[in-house]
Amino acid sequence: MEGPCAASSHWTSPASCVGPGVCGAGAAFFTSLITTLLESERQLGNPEQYPRDTSSCLRDEYDFIVVGAGTAGSVVASRLSEVPNWNVLVIEAGSDPPLASDIPAIFLGLQKSDIDWQFKTEPQKDNCQGLLGKRCNWPRGKVLGGSSTINSMLYFRGMKGDFDDWATAGNDGWSYEEVLEYFKKSENFEPNANENYPESFYHGIGGPLNVQRFESLDLAWLLQDAVKEAGYEVLDDINGPSQLGFAHLHGTIINGTRCNIAKAFLGPARNRKNLHVIKNSKVNRVIIDPVSKVANIVEFSTRDNQIHQIRIKKEIILSAGTINSPQLLMLSGVGPKEHLKEFGINVIKDTKVGENLQDHLIFTGSLYSIRKSDKFKSSPLAFLDSSYEYLTRRTGPLATFYGTTLSGFIRTNLSPDERPDIHFFYFAILANDTKASVAFGTALGLTDETILSMQEISKEGDVVMAAPLLCRPISRGKILLGSSNPSDYPKIYPGYLTDTKDLDTILEGIKATDRIMQTDVMKSRNARKKKLIVSSCEGFEFDTTPYWECMLRNIGTSAFHAVGTCKMGPSSDPDAVVDPKLRVHGVKGIRVADASIMPTIVSTPTYATTVMIGEKAADMIKMDWLQ
C-alpha cells in the first residue's frame with residue numbers, strides 16, 4: 001500500500017453551492033476558476049489516481065466480488081487484492097469524484113448533485129413534519145469513495161462502551177480493545193505542530209488514510225472559551241481515552257484537501273492486475289441456489305441498461321451501505337418472508353433484513369445572533385480573498401469544515417450510563433449572507449418560509465446554530481422495498497422520536513445549549529436567542545418545552561449516520577442478519593461489510609467506524625480463506 005492520499009484533479013460537474021455565501025452564479029464562477037487553475041498547474045495531484053474502468057476486460061468468474069466502492073467497500077477490495085492470486089472485482093454505481101469534492105468547505109454543495117443518491121425518507125407523524133414534503137433528506141454518495149466523498153470528513157472513533165456493548169451481545173472479536181487495532185491500521189495521523197497529543201497510543205501512523213485537525217477559525221476559539229466558562233472540559237484529543245468534553249475536530253484531510261476512501265485505498269491499488277473495477281453499474285441481485293443456499297452469480301446492469309452476470313468463486317461482499325445493502329439482499333430473496341412475497345420474490349431465507357434502522361437525529365433550529373465579525377465578512381471581495389488563499393496556500397475558510405471546528409460531548413442527567421448522550425456541533429452564517437442560508441436550508445430540506453426567516457436573522461449579525469445531536473437513540477426505523485425493480489428506491493422509515501425518551505434527551509441538549517450561549521464570553525459578543533419561523537409551531541410560546549417539542553418533530557433531521565439494517569449478532573439472536581464474521585445467516589458465500597451491520601449505533605459520527613468495519617472484514621476473510 002502506498003502512502004496517504006493526495007488530492008484529485010478530476011472534474012465532472014459543478015456543485016450548486018461551494019460553501020458559505022457561494023451559490024448560484026458565484027458557485028459557477030468559483031468552480032470554473034478553480035478548475036482552470038488547478039487543472040493547468042496540477043496542484044491537486046495526479047489525475048490518474050483512481051482505478052480505471054475495466055468493464056471491457058472482465059473475467060467470467062472472480063474469487064471475490066465487492067458491491068460498492070464506498071467507505072467500507074474500497075477498504076475491503078484494496079485489502080483483498082493484496083493477495084496476488086485472488087481476483088477481485090468491484091462493482092460501483094457511480095464514477096470518479098469531481099474535483100470540487102476535494103475542497104472541504106463545499107461538502108453541502110455536493111448534496112443533490114449527480115454524485116448523491118438523493119434518498120428521502122417516507123412521511124411519518126413523529127418526524128420531518130416541517131420539511132419539504134414532510135421528508136428528511138438522506139444524502140448518500142453515488143461515486144467512488146461513496147459517502148466519504150460527499151460527507152463532512154469528520155473523524156470520530158466511537159466510544160469504548162459502544163464496542164464493548166457489541167461484544168457483550170455475543171459479537172466475539174468486536175470489543176473496543178479488539179477493534180482499536182483496525183482503526184489504527186488505516187490511519188496516518190498527522191498532528192499540527194502546535195498540538196499536544198499525549199495519548200499517541202490511540203493513533204496510527206503510516207496507514208493510507210490521512211487524519212489531521214481542521215484549521216480552526218475565530219468562532220471556534222470564542223466557543224472554546226464559552227464552554228470552559230460553562231464548566232465543560234476542553235480535551236486535547238477527541239479520539240483519545242475519553243470523549244466527555246469539547247475538542248477541535250479531526251478530519252480525513254491532507255493539506256487542506258479531502259482524503260476520500262477510494263483515493264486512499266483504491267488509488268494505491270489501481271495498477272494491480274488482480275483488481276478490476278466496473279463503474280456506473282448497479283447490482284440488481286445475487287443469484288442464490290435455492291437448495292444449497294450458496295450464492296453463485298451476481299447480476300448487474302450497466303449505464304446503457306445491459307444486464308450481465310458474473311460467477312462468484314468464493315464470496316460476494318455487500319458494501320452498498322445501510323440503504324442499498326438490505327435492498328439488495330431482499331431482491332435476492334433474503335429478508336422478511338411476508339414482505340418478499342408481496343413482490344413475488346422467491347424466499348431463500350426469512351430474516352429481519354431492513355429492520356433495526358438507527359440514525360443520529362440533529363437539531364439545527366436553536367439559533368443565536370452575535371455581533372458580526374470584523375475579520376470575516378460576506379462580500380464578493382471576501383469570497384475572492386478566500387478563493388485566492390485556498391488556491392495558493394490551501395488554507396482559510398474553504399480549507400476547513402463548514403461550520404465551526406469545535407465540537408463536544410456532554411452527559412445529561414438522562415444518560416443510562418457514564419457515556420455522553422448529546423453531541424454538540426456549531427454552524428455559522430455570516431451577517432447578511434443570504435446565499436449561505438439558502439445553501440444550508442436547501443441541504444436540510446427547509447421550506448422557503450423557514451429559509452427566509454434565517455436570512456432575516458442574519459441581517460442582525462452573525463448567526464450561530466447550536467446543534468445538539470442525539471448520540472444513542474432508542475427509536476428504531478426500517479427499510480422496505482418499494483418494488484421488485486432494482487432501479488426503484490426502497491422506502492425509508494427513519495423512526496425518529498417514536499420513543500419519547502429520545503425527545504426528552506435532546507430537549508436536555510437544547511437546555512445545555514443555552515448554558516453555553518448565555519456565558520459572559522458569549523454575552524461579550526451580544527449573543528441573543530432568535531426564533532426561527534416554522535409555521536406548524538407558531539401556535540406555541542417561543543422557548544417553552546411544547547415549542548421545542550414541536551420544532552424537533554418538524555425540523556429535526558438526519559445527521560447522515562444511518563446504520564443497523566443488516567444487524568450483526570450470533571445465531572441465538574433472532575434479529576441478527578449476519579454473524580460476527582459478517583456472514584449472512586442461513587446463506588453461504590455472502591458477507592455484508594458496511595455500516596448496516598452495526599447492532600447499535602456508535603455514539604459518534606459513523607464514518608471512521610465504517611472504515612474500521614472494512615478493515616476487520618478483510619482481515620476475517622483472509623483468515624478464513626488463507627488457512
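Cβ coordinates are placed from backbone N, Cα and C, and glycine is handled just like the others.
What TrEMBL says about a protein is an automatic prediction, not a curated fact.
The annotation FAD binding site is assigned in TrEMBL to Val143, Val283. Per TrEMBL, domain 'Glucose-methanol-choline oxidoreductase N-terminal' is recorded for 141-164, 321-335.
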Inquiry  = How about long-range neighbours of the domain 'Glucose-methanol-choline oxidoreductase N-terminal' (321-335): same chain, 6 or more residues beyond its ends, C-beta under 8 Å?
reply    = 67-68, 70, 117, 119, 138, 140, 146-147, 283-288, 290, 295, 345-354, 357, 479, 481, 484, 486, 490, 492, 562-566, 577, 584, 586-587, 590, 592, 594-596
Ask   = DSSP says what for the domain 'Glucose-methanol-choline oxidoreductase N-terminal' (321-335): how many helix, strand, coil residues?
value = 11 helix, 2 strand, 2 coil
Task = Pick the one among the binding-site residues Val143, Val283 whose Cβ has the fewest other Cβ atoms within 10 Å in this structure.
result = Val283
Key: DSSP-derived helix, strand and coil totals, residue by residue, for the domain 'Glucose-methanol-choline oxidoreductase N-terminal' (141-164)   = 9 helix, 3 strand, 12 coil
Ask   = Can you tell me the mean pLDDT for the domain 'Glucose-methanol-choline oxidoreductase N-terminal' (321-335)?
value = 99
Remark   = Mapped onto three states, the DSSP assignment of Val283 (FAD binding site) reads strand
